[in-house]
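**Student:** Sharing the feature lines straight out of TrEMBL:
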COMPBIAS  299-310  compositional bias 'Polar residues'
COMPBIAS  321-336  compositional bias 'Polar residues'
DOMAIN    94-156  domain 'Potassium channel'
DOMAIN    192-268  domain 'Potassium channel'
CARBOHYD  ASN95  N-linked glycosylation site
REGION    293-336  region 'Disordered'
TRANSMEM  21-44  transmembrane segment
TRANSMEM  135-157  transmembrane segment
TRANSMEM  178-203  transmembrane segment
TRANSMEM  215-232  transmembrane segment
TRANSMEM  244-264  transmembrane segment
Amino acid sequence: MLQSLAGSSCVRLVEQHRSAWCFALLVLGYLLWLVFGAVVFSSVELPYEDLLRQELGKLKQRFLEDHTCLSEQQLEEFLMRVLEASNYGVSVLSNASGNWNWDFTSSLFFASTVLSTTGYGHTVPLSDGGKAFCIIYSVIGIPFTLLFLTAVVQRIIVYVTRRPVLYFHIRWGFSKQVVAIIHAVVLGFITVSCFFLIPAAIFSVLEDNWNFLESFYFCFISLSTIGLGDYVPGEGYNQKFRELYKIGITCYLLLGLIAMLVVLETFCELHELKKFRKLFYVKKDKEEDQEQIMEHDQLSFSSISDQASSMKDDQKANEPFVTSQSPTSNDSSLNN
């Protein structure tokens, strides 16, 4: 008897704090995923780093032996200056001296990576004025970019996602959830093909030192806005039509980012994912939801009815895969 009471009380306690337990499991899973990534990266990359360090040490020692007139301190100072300039995107190699990092097309490419928060880091402002302007430009431009992308995605998703799902649901009578899942999978496959596989094949041809895996890696790192900067297209000294190539890459990044957001929004509107996300959210109290502070002059029947109708319109507009009825159809239904 006591065991059954204790078990029922434990079940009741878990059900009352279900979202808190799910959130705790989410935090624990995220921390474990971070630790797992750190362990894998360390075990895979550390031997290559050690091998590269040994190779560089041997090359340095061989260079000093061949050039006895040069001291190790002078070589260290020269290498330090070269590496500092390389971090700012300036190369001392003779085959790369003809490429400018701050012509118009390169600056346009840099501005697009800043506003999209990709930030490859291969080119950075050199002057204090450029650094100050970059701060001001980013503070204004990044929210502006988010607003622009949100407006574009909301308009595209109506024609790409909601109307096709409604068409197959109404015209053919299929289940809306099944159609939404199939549509999301097909849209994801098309996006991966058009913005990852095909561009990776093109980059592997246009870039001399890139294979398909490295090109696909660049596409993923760029469109996910990670932007590590280890692979940047159009930086070769013998790159043909470099200005046009840079503009094309800028357009590719912008269109690819929009496509990625459309796919993510499509998957987020799936009913199953909505139920899964609600497991980790804090439930609102009913009293807080019903509380409304209103002015005395707004307590009239007309204002309340206007607010209720506007709230219904907003609710219908926010619901996925729902179309609004025209006023003529409502009038005809009332007459009938």
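Glycine is no exception: its Cβ is also placed from the backbone N, Cα and C atoms.
TrEMBL does not curate its annotations; it predicts them automatically.
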**Student:** Kindly report the helix/strand/coil residue split of the domain 'Potassium channel' (192-268) according to DSSP, in that order.
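**Tutor:** Tallied per class, the domain 'Potassium channel' (192-268) gives 54 helix, 0 strand, 23 coil.
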**Student:** So are the transmembrane segment (244-264) and the transmembrane segment (178-203) touching or not, going by 3+ C-beta pairs under 8 A with a sequence gap of 6 or more?
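**Tutor:** Output yes: the transmembrane segment (244-264) sits against the transmembrane segment (178-203).
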**Student:** Other than its close neighbours in sequence, what residues sit by the transmembrane segment (178-203), given a CB gap under 8 Å and a spacing of at least six beyond its ends?
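**Tutor:** For the transmembrane segment (178-203), the sequence-distant neighbours (Cβ-Cβ under 8 Å, at least 6 residues beyond its ends) are 160-161, 164-165, 168-169, 210, 212, 215-216, 218-220, 223, 233, 252, 255-256, 259-260, 262-263, 266-267, 269-272, 321.
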**Student:** Using DSSP, how many residues of the domain 'Potassium channel' (94-156) fall into helix, strand and coil, respectively?
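**Tutor:** The counts are 44 helix, 0 strand, 19 coil.
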